[in-house]
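Novice: TrEMBL lists these features:
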type: ACT_SITE; residues: His191; note: active site
type: ACT_SITE; residues: Glu288; note: active site
Amino acid sequence: MAMVSMKFFVPSLNSPNLRPTKRYSGMAVAASNQDAVALGVTVTQGEGNLPKLLLTSDHGSEAEIYLFGGCITSWKVPSGRDLLFVRPDAVFDKKKPISGGIPHCFPQFGPGLMQQHGFARNMDWSLVESENVEGNPNVTLELKDGPYSRAMWDFSFQARYKVVLNTKSLSTELKVTNTDNKPFTFSTALHSYFRASITGVSVKGLKGCKTLNKDPDPKNPIEGREERDAITFPGFVDCIYLDAPNEVHLNNGLGDVISITNTNWSDAVLWNPHLQMEACYKDFVCVENAKIGTIQLEPEQSWTAKQHLSIA
């Protein structure tokens with residue numbers, strides 16, 4: 001079958017009426033939502049009336065992405081099962097990040113000089129491109145610096161986030177570019193929440209990795225090395241795996257084995273809050289691709305990392 005590729009470019013969709021414009025060689029023409037985006041991409045209102053993108057594959061898979069935080073909140077495979085998890089205490093009012101799905105940690109992972117996990121998950125991203133390739137939709141979101149980010153991190157940057165939905169996979173590519181006239185450093189992660197039955201969860205592929213165990217004292221992690229073939233979650237878990245392999249396998253305890261592969265995400269994080277979130281800890285696990293060590297970018301330099309989630 002010949003590959004059919006359709007590209008559409010739209011600007012920010014942060015306006016309440018959700019009416020993007022369709023760009024034609026230097027002139028902008030007002031268009032309806034569906035005139036401005038590719039087949040299989042719908043612009044709609046989500047929880048809290050926040051702008052949301054719905055990606056639908058011809059093969060029956062679906063994904064939902066909120067422009068606030070650039071956060072993927074749902075990934076449904078053709079059977080209808082949602083493999084991601086949004087916590088029941090999540091709020092959609094822009095006063096705090098969306099708790100669940102795949103939030104961004106940028107330009108800081110964890111605590112540090114600015115607020116926990118940085119600011120990217122607290123800002124509105126823009127839809128700048130959508131495409132449909134052989135029935136599989138993809139979108140590219142963009143985040144740039146503004147007064148809110150510069151109050152915490154005084155640098156000019158561009159982050160582009162491409163999301164590709166396929167029949168049994170969900171792929172992302174994050175590209176960070178230094179658009180400033182001075183170098184900057186950052187750390188980052190995809191704080192992925194997977195739907196799970198925690199007593200049946202196991203993660204394979206991390207044996208032999210150096211670990212930084214943040215239990216019991218997150219401020220003074222204990223160095224070690226992972227000896228287990230399959231990591232389970234009998235209690236609280238908050239552990240960083242340095243120089244992790246580019247593929248791990250998550251058994252979610254619900255009958256799915258999810259392959260999590262990556263390019264250039266050098267580290268991994270496993271987290272389950274156990275009784276700290278008694279209402280929902282049994283229903284999810286976080287398996288995160290991360291870059292814990294700082295990345296330095298000179299002006300005009302870029303850094304790119306990819307993640308690919310798939311089921312058999």
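Note that Cβ sites are derived from N, Cα and C of the backbone, with glycine treated the same way.
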Novice: What is the separation, in Å, between the Cα atoms of His191 (active site) and Glu288 (active site)?
Specialist: 5
Novice: Using Cβ atoms only, which residues of the same chain lie under 8 Å from Glu288 (active site) while being at least 6 residues apart in sequence?
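Specialist: Correct list: Ala189, Leu190, His191, Ser192, Ala268, Val269, Leu270, Trp271.
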Novice: Once the chains shown are all counted, how many other Cβ atoms turn up within 10 Å of the Cβ of His191 (active site)?
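Specialist: Taking every protein chain into account, the count is 23.
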